[in-house]
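J.: Take a look at this one; I'll ask things after.
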There are 2 protein chains.
Amino acid sequence: MAFFNRQMDLMQQARASSTFNPMKLTVVLYDNEATVSSRRAAFHRVENALGLHDNMKLPHIYSGLDREGLYLEGVRRARVITHDMITHGHNHFQWLNERYQICNSSPFGMNFLMFRRTIELQGTADQRRYWLQEIDQMRINGAYAQTELGHGTFVRGIETTATFDVGTDTFTIHSPTPTSVKYWPGGLGFSCSHAIVAARLITRGKDHGVHMFIVQIRSLEDFAPVCGVELGDLGMKMAYNGTCNGYARFNYLRVPRSSLLAAHAQVSRDGTYGQAQTKVGTLPVSKRVYSTMLDTRRNIVRCVAFGLAQAVTITTRYSIVREQGRLMFSDATDEEAAIIMFKSQHYRLLTLIAQSYAILFAAKDFDVRYDQLVCEQEKDDHARLPFMHALSTGLKAWATTIASAGATEARKMCGGHGFVALSGLPEIEGTVSATVTFEGENYVMWQQLVVYLFKQVKALCSGQDVDIEVKDYMGGVRTYLDEETFPSRIQGCGKEKLFDGSTLLLIYKERSQRLLATAYSSYREMCNRCSAAEAWNTCMMTSLAAGQAFVEYIVIESFLKRISSLDTEDAPISEALSHLFCLFALTTITSPSPSFAAGSFLEHGLLTSDELNKIRVRVNELLAHLLPNIAALTDAWDFTDSSLCSALGCKDGNVYERLLSWTRQLPANSGRAVEKAWEASEGIEEFFKASRL
Amino acid sequence: MAFFNRQMDLMQQARASSTFNPMKLTVVLYDNEATVSSRRAAFHRVENALGLHDNMKLPHIYSGLDREGLYLEGVRRARVITHDMITHGHNHFQWLNERYQICNSSPFGMNFLMFRRTIELQGTADQRRYWLQEIDQMRINGAYAQTELGHGTFVRGIETTATFDVGTDTFTIHSPTPTSVKYWPGGLGFSCSHAIVAARLITRGKDHGVHMFIVQIRSLEDFAPVCGVELGDLGMKMAYNGTCNGYARFNYLRVPRSSLLAAHAQVSRDGTYGQAQTKVGTLPVSKRVYSTMLDTRRNIVRCVAFGLAQAVTITTRYSIVREQGRLMFSDATDEEAAIIMFKSQHYRLLTLIAQSYAILFAAKDFDVRYDQLVCEQEKDDHARLPFMHALSTGLKAWATTIASAGATEARKMCGGHGFVALSGLPEIEGTVSATVTFEGENYVMWQQLVVYLFKQVKALCSGQDVDIEVKDYMGGVRTYLDEETFPSRIQGCGKEKLFDGSTLLLIYKERSQRLLATAYSSYREMCNRCSAAEAWNTCMMTSLAAGQAFVEYIVIESFLKRISSLDTEDAPISEALSHLFCLFALTTITSPSPSFAAGSFLEHGLLTSDELNKIRVRVNELLAHLLPNIAALTDAWDFTDSSLCSALGCKDGNVYERLLSWTRQLPANSGRAVEKAWEASEGIEEFFKASRL
């Protein structure tokens, strides 16, 4: 335990200024007190088992490990959290691990997430009976091997073949080209005994397209790769080094006919291919897969809310205790100011904090819609699936873009110290950044959302039914389509109360409606001159901007909903969250996230220059209101010190002593690097000049 | 040598479509043919000596090395390039190393950059005579130890003490607190025998403030730290792992009185402190330090142009050969499109390419001004120093912000493959990212620029002299200050030719003048209500936006200058660069870089919504014009395969075979990771469940 020092004092002062008890906000973030307690207990047990409680001790992960060392540490951690979930019957680490990273960053993470689910969805009753039990008793660990070196989201491009041989009643799994090598699947390199392999089913000389096979890839006796499979790891990554994203090259591997997941397609003993669909309700299987994707995406959105909040928590704490430089034109003699006092830091921090809340509340609002959808689907009502799928793509793209940019920004705000692994920020930044491209690259995601929205506009224009969720919204789009000029409907309807939630919501709604109408019109017009594909491609940047504006409108709505649903007993919390909402809405206007329509709040008279200036003044006022609560707003996320794993971000504020202590414990500093570099040379000139080690 | 394959064919086709010979553009980028040849020869020798010519061989740096291994590889490389420069008498690697990283990423990089320069500037004739020779003959390697754990750019905050003891005629260097430990200096951890140490000079009980001392920190016999100094490395960083940014903790280390760099301040034998200034010309030493900073900053700007260009070169090449998915609404059956054909990729790539050229041309234009300044300063004319200093801060902040965001974007554009170290992109992204905070954190830089601009406005308003470089510009600012409304001077003066260079320059100029006038007025007004420091801080976000707009105007001007100075014999090159210029100017309007005034092109009638739509259409046309030259525009930077060090970015386009080959060569794949994880458990359940390795 360190002696109380200046930094710890600054941190204590920052906490003392808060207008509410952060624990009460924690309950809002995690829904109820029981969850908060149960999570805390789980973190405590796990961190105890992993030996992480002494926060003055250098975390093993930062000790300069090589590739193998980082992986072994990942295995060690994954074992502990899995063990804890089984022993104590909870699922706190099912989606987010003990560092709030999404579970595919764990060597065992894909087992339940994708491997089990695929069997559940595509296996026959027999297959489910056998394999699900193996998985649940953890006798096997599975990967999901779809992506190939040359093929990503476009499943039809997959090249791996599974050719049926009637003589031996087996499929032969083979990688015919370099581009067909399975590449990237989580856990595939070292950790999995089995894999779902996506491969083209060929029987009687005919290619029936991509099907799923369950394939054993390692011996259960000694874990060596089975004959006919070459397995390996992809090496170092920006993050996720605790797992072994890997490759698999199949060399005429024979697997029994029963390897085909056969709920929806079968190959009979004589090699006949058949598609005896076992329908589950009225929804075809291909559509049911959407539900899985929905579930994954909503978890990604929640995950990056935590990722951004982690980064901002570290940076906030560091900014509270870091005294550096003086305010420009300051009369103070040699007193340095805490960097949080500089408006640039103050502004950026609170903007990012507001974004982390906005993402989490959007995730929660989506969860409510999702739960409702699940209920409806159980009653065989799938009407809302297209809207939900579209919204999930847009939310995923928006949240991961914002969170990734925000985590990077938070890291840069810690200066040089943020660049060092010990700050914890490079790892968090890398982890969040991965979500931008995985489970659907964001520019593909945006397009899927906009295609949905265009379809709805088209239905509207041709008098067909519009989905219930967007019916009201599309009404507003129509007026923009119909009118030659774009009269702002904002004027006269409440802009005197520019900062009311309802006015802000209206501004976001009108802006997105206008952008959507404009984008659709441009696209339709272009369709007269070229093919739909070319028209789409030509107009893409404008269309994507419309999609982004739609999501921003939904996010504003979700944030507002969440605030209004709060127990109003705790006025200071309500007030702080209202300020945070307003800051989020206004800074997204003054400093929009990059898009081809970044000026859209100002176009067509939506907002005037004068209103924009009022907004800028209001932003400054909100920053002042929120500053006393900045520690509380980040403390409320309830991150343990070891989940942040940061010398800069521990709760006590004891930044410098901890950073120095961790640095001095680095193994390289008691290692032989200097001697090795030195021994190879003879004297100082050689040390510098020798051209070979 | 690989067999010719589809990817290589796609790459060849992309090159065949170019309208000019990229080698001619290379000469434009490197100024003349002699430089291009000499650079090529140097790269060839160095890569040969380092064993990097076989681009199917896994680069050692990606082999999953631990902290020590990465450092030793850094030493090996630094030796080879240093040796080559000495042997062949060139300085191609003096600022940028063989990977186009700025030289402080090398274990020997600070020796000339900061160590030698400081002695040159602050040493007496005797000191210079002795030490410069030691350095030039490479008998010592020096670090520059100013930054402390708790103290960065604010030099007066430094805590390390150097107390003179008259009895022994020595200074005692000491680190009195944890925050006083020297932390971050490049090369300090393992590589340096000496260091310039910034410490408070105390003699006869009086603190005379921070002075520079030259201190031996390691033995020249065995390179062990001298007694009284604890040295160490900071561990892993996002990049720069080839050098050992380090810490030094002094424990009453005694050094001779002659350690004080004494050109400007001396301590006599009896402990008397004196400031017998040796003036060099009329400029005080404190101001001469600015010249050093200017030189460093212009090199950072050039460096990040190359860094961004490297990232974009890799991404461009990958996008040309990566076929993934189909265009939305496409009729094509199963043909996948190269991702460069998707407008989002096409738009983002060319926007980033345009930015890399804009940064390089801005650096070159600054170099011209800098050379002129050096001439003037030799004649003791320092009038342009304040402007040049301010411009250098703004350019550094702007270029590093743009380049860092761009390198990140380029990496994300490669999807999952970009996340893997083998792509080379994480290393480039990290390297560029470091420049955002080092040598002056960007938000500090922006403030310095705006303080300068405000001073000039103030001079203007009070009828005093305005610096010659901004005289004309300030005239325009005045009209915005004087007028109640802001009439756009663009209208009627050329907007019919919206896309002419001169119109675009005018738009940028007017926008920045208006923003500066507004920011200054707000600040002045606020000064009536509170202290200057508070007023500055309150208005900071608006002020910084004005600074950013000023730099963008200068960059537009520099780009135009460079184009007009081109030999017009090569019309296709001129045309391509003009298109690139226009794309840069227009995309900075449609998708402005984040700022508090992102909507400023639309405010006060500068551009109308209609004009904005015309701009969007023009952007699409420019993208189409530039696409055939996209390979040539990146090839022109003349990066060798091993300087890019990327499985995705080699010139031949053979992406997949190389990525697979490198992956299979990873040592972890023939290592014992699996066995180690497995051996600790007894059977498969234990493998997953055991809570301890």
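Positions of Cβ are set from backbone N, Cα and C atoms, glycine also.
Found this in TrEMBL, in case it helps:
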type	residues	note
ACT_SITE	B:GLU439	active site, proton acceptor
BINDING	B:THR147, B:GLY186	FAD binding site
DOMAIN	B:21-140	domain 'Acyl-coenzyme A oxidase N-terminal'
DOMAIN	B:290-453	domain 'Acyl-CoA oxidase C-alpha1'
DOMAIN	B:503-679	domain 'Acyl-CoA oxidase C-terminal'
J.: In which DSSP state, out of helix, strand and coil, do we find B:GLU439 (active site, proton acceptor)?
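T.: SS state of B:GLU439 (active site, proton acceptor) = coil.
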J.: Within 10 angstroms of the C-beta of B:THR147 (FAD binding site), what count of other C-beta atoms is obtained when all protein chains are considered?
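T.: Step by step: centre on the Cβ of B:THR147 (FAD binding site), count other Cβ atoms within 10 Å, giving 22.
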J.: In the domain 'Acyl-coenzyme A oxidase N-terminal' (B:21-140), how many residues does DSSP put in helix, strand and coil?
T.: 84 helix, 2 strand, 34 coil
J.: Can you tell me how far the Cα of the residue listed as 'active site, proton acceptor' sits from the Cα of B:GLY186 (FAD binding site), in Å?
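T.: That separation, Cα to Cα, works out to 12 Å.
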J.: Let me know how many other Cβ atoms fall within 10 Å of the Cβ of the residue listed as 'active site, proton acceptor'.
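T.: For the residue listed as 'active site, proton acceptor', the count of other Cβ atoms within 10 Å is 17.
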J.: Taking the Cβ of B:GLY186 (FAD binding site) as the reference point, list residues of the same chain whose Cβ is under 8 angstroms away and which are at least six residues distant in sequence.
T.: B:ASN104, B:SER105, B:GLY109, B:MET110, B:ALA143, B:TYR144, B:TYR240, B:THR243, B:ASN245
J.: So, three-state DSSP: helix, strand or coil for B:THR147 (FAD binding site)?
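T.: It is coil.
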J.: Let me know the DSSP-derived helix, strand or coil state of B:GLY186 (FAD binding site), please.
T.: coil
J.: Any idea what the model's mean pLDDT is for the domain 'Acyl-CoA oxidase C-terminal' (B:503-679)?
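T.: Overall, the domain 'Acyl-CoA oxidase C-terminal' (B:503-679) comes to a mean pLDDT of 93.
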